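Among the features that TrEMBL reports, domain 'Alanyl-transfer RNA synthetases family profile' is placed at 1-721. Residues or ranges marked as Zn(2+) binding site in TrEMBL: HIS561, HIS565, CYS678, HIS682.
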Amino acid sequence: MNQFKPIFLGTVHPRSELAQYRRVVNSQKCVRAGGKHNDLEDVGRDTYHHTFFEMLGNWSFGDYFKEEACSMAWELLTEVYEIPRDRLYVTYFGGDPSLGLSADEECRDVWLHLGVPASHVLPFPLKDNFWEMGDTGPCGPCTEIHYDHVGGGRNAAALVNQGSPDVVEIWNLVFMQYSREVEGNLLPLPQYHVDTGMGLERLVTVLQNKRSSYDTDLFTPILDAIHKVCRAPRYQGLVGNADVGRVNMAYRVVADHVRTLCVCITDGIYPGFSGAELVLRRILRRAVRFCSEVLQAPPGLLASLVPTVVEVLGDAYPELRRNANLIKDIINENEAAFLSSLERGRCIIERTVQQMEPSTNFPAEVAWSLYGNLGFPLDLIDLMLEEKGISLDSAAFNKLALEDAKRKSGGPQAGQPGTANTRLDVHSLAWLQGSSVPATDDSPKYAYTLGQHGQYEFSPCQATVLMLYKDQSLHKEVGGGQRCGVILDRTNFYAEQGGQDSDQGYMIRLGQQDVLFPVESVHLCGGYVIHEVTAVETLRAGDQMQLFVDEAQRLACMRNHTATHLLSFALRRVLGDSTEQRGSHVTAQQLRFDFDTKGHVTVEQLQQVEQVVQDLIQKNEVVHVAEVPLTLARRVQGLRAVDEGYPDPVRIVSLGVPVENVLTCDSKAAMQTSVELCCGTHLLQTGSVEDLAIISERQLVKGISRVIAVTGGRAKEAREVGQCLAVEVDSVSLRMKQRITSISEMQNLSKEVGQLTKVVASTAMPQWQRKDLQTILKALQRTANTTIKKLELQQAEKVAQVLLAKYCNQPVIIDTIPADSLSILMKVVNQLCDKSPGTSVLLLSPQTSGEVLCACQVSKSCLPGFSAADWAMAVCTQMEGKAGGSPIVAKGSGNAKGMQGALTTALEFAQSKL
């Protein structure tokens, strides 16, 4: 229903095609696997839940209501589809005294009047028969039609809404007649709507006379394809205890989930780490687990099912055929990554368990890391621990989960303008429209010209206050010191829309020049522009106001919005015409652009994109703008899809080519330049962009990249910073090539490379240059590490020679030596043991900080009685320190005060083991 929310909320633009809708019939792809309506964990357990399904909908927007909706539904089911009436049961809302809602007797009486027996018309409470789309907003009672698969003249009323696979809901008719307010109370909607939804899969089950949707021709080809690949017996439709080993459940999970994956990936949603992408990732991983663990199928089963899904759904959704190979690639890549994560996770669990003290809980931090970072399923962690007789510290794990949820939810930042006074509620909108308050004329926002010296001149705007909005209600007066929304008859302020931030500025009352009313944000709602203002003095309806836009901020937004169009065109030119915009956001500081991509964008491609933009800036092309009828705009070749939400007429922005030329028959102009539908404010000529630098490029999820760019002075500054950093990297590179024999000198150079790496990663500079410098710095870091290792080895060899001469192949060497690091000390120990294989060595090295380093190695001939880890632990414990390692090699540290006692302990421990 998302596409119709603006109608329900009253925020639809009055000039849009959407605003004209009264009755709509549609079929759409739906996924229910997250949020309020989440079916994911139910899928597979029964024979009728799905993550992806096709929803058949009937909609009435202020037109027909309960009587017509019920009678049309009954006629379609019983007369057109000829479903036996005695198998159908209808439910209605039975009321809720706590909310002051009485039973929906109107609906009940409609069904009885249609001839439905009273025994088949059943009341149910709020949880079953009152539909809400969220915590707030339009909602209302619903009536559901249920089908009894058994029939035979029995009365199945007792099985309705009881989770029985034999009596299943097939159609839900929702009557939107209330609005749930923020306080939780219900208010009647100014206009009543109908939203009905019937699942195609369940309808097909009835029409094909099957007991389950998995037995219909929507699923049987996929179930057959699964059987051909896996080692499990054929699908039998079993559930619960009868489904031994959950084999049938696995069939249902895999068949359902692969359909969901195909449809979502085709629509541009790929497995990822947040939002819908994260949900799809969980769906894929759930399917992979059932494939490998239950069906015992080899890797690749999921992807091998894609052609079968395409065969079943391809006629209805031809885009599946076009993207079949992409779907297979993404499924295979994600499956391989998950199987690799599972293996790593199992190793981590094994290692953690080995290091745990007996009779302790598995550490929550490790479990959370497995779950959050590797995507390791929580139930699998529990299962593996259960097999080892260990339990997870659930309280600590839940605490970590809660902290993570709080961190991610964040909340509004301090100082950010709220939206309580700028989002008109549905009742206020209805009052304004019913009282014939005219929509705001915002055409003055486009009233600006270029002056003689190339500066932008913005025309002044005078307006009248029509109404004030505060605390979800309309007012004719708001006192000083209060924040409110101001509705004017006209405005030159740009309201946030089309991905562009709203204007800021101020307004003054005519004749009162010294009192400024700051405008913090501007929003469009149902054709009304609401200015969020702090009323420094009392504001009243009828006040005459002079409006002043923050010109610097507006001009920066105009520059970045025009640059966004240039960037979009350049990306298509360099990466190919299939490069589609996925989203954008324009602020005064920067622009963000998301787009489809088949792989990582290379350094060369980034440079080419910037060059295409630079060429268009240099040409100083005229930015042509015109409003044209929607029907005419839809004919423009190469123009992105036009949806029903666009106001009619629409605004076309064309760079370098007059709009009338773009509109002529067979014109290819839109393919050769940037032509977009856009309500944003733009420069008049491209030269005013001055410069553009892409300062960030990364993949959001596989197949979708995001670039961030800056323009004008910010772009120039980014280039200058990039040049300065390039000079610094060149300087380090030259010094690295000189012959350096000092470990400390090379370590300092390595630190400098590390610091430069951090600066390059975090500083705003051209992304192509950042990638170049990062490649150089990575190579320099490798060189530094190799050189340090080589110098340390040379130093270790010298010290080892002295010690070998001193101890002459004795079975144990225990001594103190100077060493700048634990790494060097360890290398000395290794050298001694390599040159004298029968010798066990423990060396201490006091540091100026008061710390003592410890390294030891035990001769293999002394194993298993003599352990290096135990030796180091005994010595470091004497120094109030810690140690760790393997039976052969170990290291640690302690306090210098206990060093003499530690040397004695080292000798005594060795003598006791030899």
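Yeah, the Cβs are placed from backbone N, Cα and C, and that goes for glycine too.
Automatic, uncurated: that is what TrEMBL annotation is.
On its own chain, HIS561 (Zn(2+) binding site) has GLN500, VAL586, LEU591, CYS678, GLY680, THR681, HIS682 as residues at least 6 apart in sequence with a Cβ closer than 8 Å to its own Cβ. Each residue in MET558, THR562, THR564, VAL623, VAL653, GLU676, GLY680, THR681 lies on the same chain as HIS561, HIS565, CYS678, HIS682 and has a C-beta within 8 Å of the C-beta centroid of that Zn(2+) site, without being one of the site residues. Other C-beta atoms found within 10 angstroms of the C-beta of HIS682 (Zn(2+) binding site) number 25, with every protein chain shown included. HIS565 (Zn(2+) binding site): 27 other CB atoms within 10 A of its CB, across all protein chains. The Cβ of CYS678 (Zn(2+) binding site) has 20 other Cβ atoms within 10 Å, all protein chains considered.
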